[in-house]
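A.B. asks: To start, I am sharing the structure in question, which I have written as structure tokens.
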Amino acid sequence: MSLLRLTFLGTSAAQPTLHRNLSGLAVKAHSDLLLFDCGEGSQRQMVRYGTGFTVDAVFFTHFHADHYLGIIGFLRTLGMTGRSEPIHLYGPPSAKRLLHQAVHLGVESMSFPVEIHELKDGDVVPRKGYAVHAVGVDHRINALGYALVEDDRPGRFNLDVARSLGVPEGPSFGKLQRGEPVTLEDGRTVKPEDVLGAPRPGRRLVISGDTRPCPALVKAAKDADLLVHESTFSDDEQERAVETRHSTAREAARVAREAGARRLVLTHLSSRHDTDPSKLLTQAREEYQGPVEVAFDGFTVELPLRD
């Protein structure tokens, strides 16, 4: 089964607290390990929560310090492991300038290539079995959200139809299920569409980054299996949310409702809500009727395949 598992490395906004690290999210997507943001202390959190260090790519939502300064130490740790495979770093405009500085801080030279890529709204990074889409969002500086969208899976295999067509059980069944045609002994060709149902949609994971509620995010999160949305503030901090271009928990929930997202996880909490996020949860649940949770450091979510 193709794995899609999230581990929250840091769930605090702006500054670390005793209980919450700065922003970082590890996503195990199929055989890949991805990071979305890498705040200070992220590598220690990866050790603590057992994600491993075999990271293929890092996607930065923006370049406020609390979202990317952890990459400096993380790259050096990767070098000490003897890594030789390249790592890909993605982010909004200014990524090349800022991340080039991060790569070259310190005396040690990298033992592996570091490839830096700048993204804009609508750009797509293809991966094996899925793609990561960049979504322009509304923050104080250039910022992106991300939608991880799996390829559709083949439809269900109709065993009775396959048998009626004379397909022998065994490897031929597997080939058809993988989308490959099979030639029978009598010369007939059985195509995958002859024995498979309609394609089954892949999963969709959407990560807001720091943002005000915005139409682009609603569009990206349409029918998402999971929306991870920042919820820095509560209702009584609405003015502060607008001023700093962040979201309240209620606003995050409204995005989830308007998008028809299947599940909502709130993260990036102000220190005011560090140990007691119950107000955020209550306000979100008043706006959105689907499952909603407040993330904490070490919180893990595994998304099941769609039927």
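Glycine too: its Cβ is placed from the backbone N, Cα and C atoms.
The following feature annotations were taken from Swiss-Prot:
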type     : residues                     : note
BINDING  : His62, His64, His139, Asp210 : Zn(2+) 1 binding site
BINDING  : Asp66, His67, Asp210, His268 : Zn(2+) 2 binding site
ACT_SITE : Asp66                        : active site, proton acceptor
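Context for these features, please: burial, neighbours, distances.
C.D. replies: In the three-state DSSP classification, His139 (Zn(2+) 1 binding site) falls within coil.
Asp210 (Zn(2+) 1 binding site) falls within neither a helix nor a strand when secondary structure is assigned with DSSP, and so counts as coil.
DSSP assigns Asp66 (Zn(2+) 2 binding site) to a helical segment in the three-state reduction.
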A.B. asks: Which has the fewest other CB atoms in a 10 Å radius around its CB: His62, His64, His67, His139, His268, the listed binding-site residues?
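C.D. replies: It is His64 that, of the binding-site residues His62, His64, His67, His139, His268, has the fewest other Cβ atoms within 10 Å.
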A.B. asks: Using a Cβ-Cβ cut-off under 8 angstroms and a sequence gap of six or more, which residues of the chain neighbour Asp66 (Zn(2+) 2 binding site)?
C.D. replies: Ala13, Ala14, Gln15, Leu22, Ser23, Gly39, Glu40
A.B. asks: Compute the mean position of the Cβ atoms of His62, His64, His139, Asp210, which form the recorded Zn(2+) 1 site, and then list in sequence order the other residues of that chain whose Cβ is within 8 Å of it.
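C.D. replies: What remains near the Cβ centre is Thr61, Phe63, His67, Arg140, Ile141, Ala143, Gly209, Thr211, Arg245.
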A.B. asks: I'd like the Cβ neighbour count for Asp210 (Zn(2+) 1 binding site), meaning other Cβ atoms within 10 Å of its Cβ, all protein chains included.
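C.D. replies: The answer is 27.
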